[in-house]
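Below is the structure I would like to discuss, written out as structure tokens.
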Amino acid sequence: MEQINKPEQIWTEKVDAEESATMQNINEGQNEKEVKKYMRRLDRIILPAISILYFFEYLDRGNIANAKLLGLDKGHDTANEGVGPGRSTLSSIQWQTVIMIFYVGLVLCQVPGSIGYRIFPPSKWIAFGVCGWAVCSVLQVTAQGYVSLLVCRIFLGAFEGLFGTGIVYYLSLWYHRNEMGLRIFWFLGPTSIAGAFGGLIAYGVGHIKARVPNWKLLFIIEGIPCFLLGLFMLYWLPDRPTKNSRFKGRQAKIAIERYEMEFADSGTGIRKKHFVMALGDWKLYAQAAIYLPIASLISSISGFLPTIIEDLGYSTPTSANLMTVPPYAIAFFVMFTTSYTSDYYRERGLHLAVLAMVAAVMYALLAALPTSALRAKYACVCLVVPSVYALYPPSHAWVANNLGNESKRAIGLGAYTAMGNIGSIAGTFFYPRVEAPEYIKGHWVACAMAACVVLQVLVHKWWLTRENKRRESMEGPVEKGNIDVTEMADEAVGFRYIT
């Protein structure tokens, strides 16, 4: 009897196993659908919001260059005695200082800004930074001279530093490492749109007939909506997966599960151990050394592109502002493409090297081409702007990917951007007015900066690849699943660097 029942028992167990496997597959399919639905909603909530905010941040940061063409530098008295037509204009060095001082405030507040995201609810910290820089932007219309304009610009930079640095950290709370590149594009991509729209808005404002000077209208039109958006963020943005009011039920559980897959150390605050680890990590300084020339190139473009284009032969300020639109529009699509492919292939270094190489060649051509080759030079501008701006997302994603855990990431990203943005200060001196219209020295300096990026990126990629191979030989292949980075961050067993 026993022997007769055995085949039936075996058959029954086989059916049960098949049913169990089928149910597991169904559950996994349901889970996958639920996660995709959650991700779509998460993207709809976070990405448009931070895109719009960074659009206005970059608009308010860069509108000083458009305002210059609308008469700002001709309205400020260098003796700090007043504003009005007929008074002395800002000298070349004073104008460069006005551009530069913004980055001083930015650099000084980037580490505190990044820590603020870790200590305070991110939605409130974001609103504080946004409303602060919006007020400073509008207050530029009240500047009564060179010194007061400097004060407005340094506080504008300070509030933008409190906001912008920690956004990459904020995104890392919600997205995994292989999802960061494209999401950082939606954060940084609006820099190119802002450049394009900034030119269009300035072109339109330049045709307004009003009692108020056009450059003042520009600051008002671009500053007030930003303040209102900052207040709206208090309601709109979720704080962190473990404490949020935007997701309920199953989606709230998915948010926490995804967070715990990436981080084992939930909570807030900065651990002293990770503070020391971040500031003692030579790789962070290597990445900052890569970002420094990138930041110098971006600041030189945002501060001087309208003037450079005007000197190419577009004689009126309004036409020069309008001709800044195509380079920035092309930059948006290049940034999107490179961000997508760098995420898809989980690769950062080669993307950065190729882009920087294109930028170096274009800068060399700008320096070498004769002044009469206006169309060829403008074509180079239309290629150099996209190649430089597209360096932004992969470089930020690269450093965020490799810092290990949440606490170290908060410190590391602030230090990385602060050190790198020293290059932004240097970039404001690439194109002194006395070298117009050729700007040969400035183009060669920019070419050298781009070449420096290529060299540093390739060396850093080589080291990370070698380190991954060393860990692979010691630890064996990484098993799919959670890696405990609570204590050791990127030094944890099983952690592999993205190259």
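The backbone N, Cα and C atoms fix where each Cβ goes, and this holds for glycine too.
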Of the ranges 33-52, 53-72, 153-172, which one does TrEMBL flag as transmembrane segment?
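That would be 153-172, per the transmembrane segment entry in TrEMBL.
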TrEMBL lists transmembrane segment for one of the ranges 262-283, 284-305; which is that range?
284-305
Of the ranges 10-32, 125-147, which one does TrEMBL flag as transmembrane segment?
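The range carrying the transmembrane segment annotation in TrEMBL is 125-147.
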Across the domain 'Major facilitator superfamily (MFS) profile' (46-469), what is the average pLDDT of the model, as a whole number?
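Across the residues of the domain 'Major facilitator superfamily (MFS) profile' (46-469) the model's pLDDT averages 85 on the 0 to 100 scale.
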